[in-house]
Amino acid sequence: MWTNFFKLRLFCCLLAVLMVVVLVINVTQVEYLDHETVSATFIDSSGQFVSSQVTGISRNPYCGYDQQTLSSQERMEEDSLLAALHRQVPDVGPVPFVKSTDPSSSYFVILNSAAFFKVGSQLEVLVHVQDFQRKPKKYGGDYLQARIHSLKLQAGAVGRVVDYQNGFYKVFFTLLWPGKVKVSVSLVHPSEGIRVLQRLQEDKPDRVYFKSLFRSGRISETTECNVCLPGNLPLCNFTDLYTGEPWFCFKPKKLPCSSRITHFKGGYLKGLLTAAESAFFQSGVNIKMPVNSSGPDWVTVIPRRIKETNSLELSQGSGTFPSGYYYKDQWRPRKFKMRQFNDPDNITECLQRKVVHLFGDSTIRQWFEYLTTFVPDLVEFNLGSPKNVGPFLAVDQKHNILLKYRCHGPPIRFTTVFSNELHYVANELNGIVGGKNTVVAIAVWSHFSTFPLEVYIRRLRNIRRAVVRLLDRSPKTVVVIRTANAQELGPEVSLFNSDWYNFQLDTILRRMFSGVGVYLVDAWEMTLAHYLPHKLHPDEVIVKNQLDMFLSFVCPLET
């Protein structure tokens with residue numbers, strides 16, 4: 001009897017595996033069937049950046065050598081990006097703490113104050129920063145975040161900050177809903193702290209270090225790894241052959257480089273700051289602290305007339321700012337009508353017969369987790385992958401939906417990842433046929449915050465090339481980019497994952513993918529505009545809005 005029972009269980013297991021394989025094959029065939037053999041020339045089919053002449057800035061090559069041969073257009077693009085970001089930090093020499101920016105002494109004032117404003121009007125706010133001696137600052141470079149909000153309406157939007165490099169800043173808001181609207185301004189980091197962060201970015205890229213385990217038989221060794229390592233010891237070169245993405249490990253003493261089996265985060269370097277520098281990173285003093293108003297901090301907004309409202313409803317153009325706003329806890333993009341996917345059946349209907357590829361860090365893994373939790377028909381299969389690492393796979397057999405998640409290649413600060421699972425996004429994209437039933441979403445940013453900007457630019461350049469090739473061979477493929485987001489900060493976290501670092505990455509990402517033909521989920525504005533505290537992994541209500549926007553790109557409203 002037990003023998004028959006065992007045979008029955010074995011048969012059932014084999015049958016289940018066979019069903020999954022058949023489903024994967026069937027869904028994958030959809031990609032081939034929907035692939036159109038049209039040689040479509042994209043708006044920017046080369047994936048190149050076109051810019052006016054820019055003045056290059058003097059920077060030493062990362063690691064002391066150039067790791068990638070750039071075309072003249074790529075060199076121009078990189079110089080333009082670096083120059084634009086470099087101008088934000090003035091070089092004023094050493095500054096004592098008492099002369100650094102004090103948020104409690106600084107203030108803002110509403111400039112164009114009026115009895116009331118109409119929806120769609122511009123609101124201007126002047127911010128004047130002072131030091132701890134209550135003396136006006138004479139230079140800029142502080143990193144400010146600003147938003148307008150109405151808590152009772154669960155409404156919010158971000159403002160655009162302009163630095164006049166003299167201690168004065170202007171913030172521009174668009175008033176997008178009626179009612180009592182409050183202004184909030186925060187000092188994320190003083191300019192003196194920003195200079196420290198910039199030094200760490202350029203001089204201490206190894207402040208997050210990685211390791212790999214090498215094993216052969218009973219012998220095992222662990223060595224340090226990174227994008228760049230000192231050349232005075234023998235190295236294992238794991239640079240990717242297709243993308244040229246560099247990755248090195250110190251060579252084990254007894255084992256060959258080919259015996260590497262895992263990759264994992266080694267840890268964070270300590271003692272990065274001097275005592276004087278540490279004063280610029282104090283919780284409750286100068287990290288994400290509010291700047292108070294001098295006078296009223298709110299305005300009254302009244303509705304527009306119907307004709308005016310219709311003309312305001314959707315703003316056109318790639319430079320629309322802000323890109324959207326919250327109202328009753330729902331994100332409202334200003335360029336298009338976003339659908340609300342409040343029922344699992346709505347998501348199932350949208351994704352039916354589709355293959356969805358999610359590539360990147362843990363912030364897009366949240367999408368996988370949300371979908372598999374919210375949609376009961378999406379059943380996750382246990383691939384034996386480490387928790388929080390992946391790869392992960394979920395299938396809806398009834399509706400032919402295949403959902404995949406895979407983390408991006410190193411640098412990645414996850415716990416143990418098998419080395420054969422370290423796949424670069426560009427290489428994965430090159431293996432996708434594409435078509436109208438293929439959806440790709442990418443989020444690559446958080447694990448690059450400690451490196452010089454050239455490292456991130458190179459990674460995005462490789463991904464962009466692969467995206468352009470994918471869209472050229474399959475124009476109906478939907479490609480979505482999830483931007484960076486703000487997060488909680490303390491003295492230590494600021495040195496590795498500061499919003500200032502991520503703001504730079506976000507700026508680079510937007511510029512490099514402008515005109516390529518991808519959709520953008522603006523996670524940056526969606527976290528800054530919301531009333532909930534900033535988190536690396538935003539709360540569910542924010543993730544839900546991100547997914548609603550993502551799915552609206554996949555299944556837009558019919559017009």
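Every residue gets a Cβ built from N, Cα and C, even glycine.
Keep in mind the model is a prediction, meaning the values are calculated, not measured.
Swiss-Prot lists N237, N292, N346 with the feature N-linked glycosylation site, giving sequence analysis as the kind of evidence. Feature annotation from Swiss-Prot assigns signal peptide to 1-30; the stated evidence is sequence analysis.
Ranking the glycosylation sites N237, N292, N346 by the number of CB atoms within 10 A of their own CB puts N346 at the top.
Spacing of N346 (N-linked glycosylation site) relative to N292 (N-linked glycosylation site) is 44 Å (Cα to Cα, whole number). N237 (N-linked glycosylation site) is 53 Å away from N292 (N-linked glycosylation site) when you measure Cα to Cα.
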